[in-house]
Amino acid sequence: MNLVLMGLPGAGKGTQAQLIVKDFDIPHISTGDIFRAAIKNQTPMGVEAKKFIDKGELVPDEVTNGIVQERLAQDDTKDGFMLDGFPRNLAQADALNAMLVDSDRQLDAVINIHVRPEVLVERLSGRFICRNCGTTYHRLYNPTKVEGTCDVCGGHDFYQRDDDKPETVKNRLDVNIKLNTPLIDFYKKQGVLYTIDGEQDIDKVYQAVKEVLTNL
């Protein structure tokens, strides 16, 4: 079973990935992890990628594609894999199709965990931190027991990281939506896209994912 897992930041993709790996026993291939491994192991593509990263430049598609291809050539992917964070654009999607054709494989499903942007902004911008002891809270999921007072140290001074501020979160989501929309259309046309409602409880989301994968 060969999968691609898609979802905007905050959609709960990481949690679903762990559950899929546990039940279906396929490797979770996250681009961040394979980049680090390729650079550490000094693979040909890892060496190329490091040149760009060291200069603070974006790694070109052909190098990213090469790193994914190196990983998909490893033995543990022969019975299936789950890609997470790749492809990020249509050029990478075409490259993935070519890789799979070359190795006599095909993509079985693209699972898209869908959560409305306004819900994601709420999820991602709800985090706040006690300035005194550093304990992290969330306005919706993990608030302080007494409003305005830290459970751990009793402090009253909280702050929000710049990354977690609603405007920053919204901008980050906008960038991701622009990247994801053409990919969603691409995979819809190929007939392999399955969109899952990510606004349900984690268990219900996974139930829907599992149903799709079991019936492939």
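The first residue you see is number 1, and the count goes up from there.
Yeah, the Cβs are placed from backbone N, Cα and C, and that goes for glycine too.
Annotation comment: Swiss-Prot describes Gly10, Ala11, Gly12, Lys13, Gly14, Thr15, Arg127, Thr136, Tyr137, Gln200 as ATP binding site, evidence class sequence analysis. Cβ neighbours within 10 Å of Gly12 (ATP binding site), excluding its own Cβ and spanning all shown chains: 20.
Model confidence over the region 'NMP' (30-59) stands at 90, taken as the mean pLDDT rounded to a whole number. Per Swiss-Prot, the feature region 'NMP' maps to 30-59; the stated evidence is sequence analysis.
Taken from Swiss-Prot, the feature AMP binding site covers Thr31, Arg36, Glu57, Leu58, Val59, Gly85, Phe86, Pro87, Arg88, Gln92, Arg161, Arg172. Secondary structure at Thr31 (AMP binding site), as computed by DSSP, is helix.
Swiss-Prot lists 126-164 with the feature region 'LID', giving sequence analysis as the kind of evidence.
What Swiss-Prot records for Cys130, Cys133, Cys150, Cys153 is Zn(2+) binding site, and it gives sequence analysis as the kind of evidence. In the three-state DSSP assignment, the secondary structure recorded for Cys133 (Zn(2+) binding site) is coil. Less than 8 angstroms from the CB of Cys133 (Zn(2+) binding site) sit Cys150, Val152, Cys153, Gly155, each of them six or more residues away in the same chain.
Neighbours of Cys130 (Zn(2+) binding site) among the binding-site residues Glu57, Tyr137, Arg161, defined as a Cα within 10 Å of its Cα, are Tyr137. Under 8 Å from some Cβ of the region 'NMP' (30-59) lie the Cβ atoms of residues 17, 66-71, 83-86, 88, all in the same chain and six or more residues away from its ends. Counting residues of the region 'LID' (126-164) by DSSP class, helix then strand then coil, yields 3 helix, 12 strand, 24 coil. Cα to Cα, Glu57 (AMP binding site) and Gly12 (ATP binding site) are separated by 28 Å.
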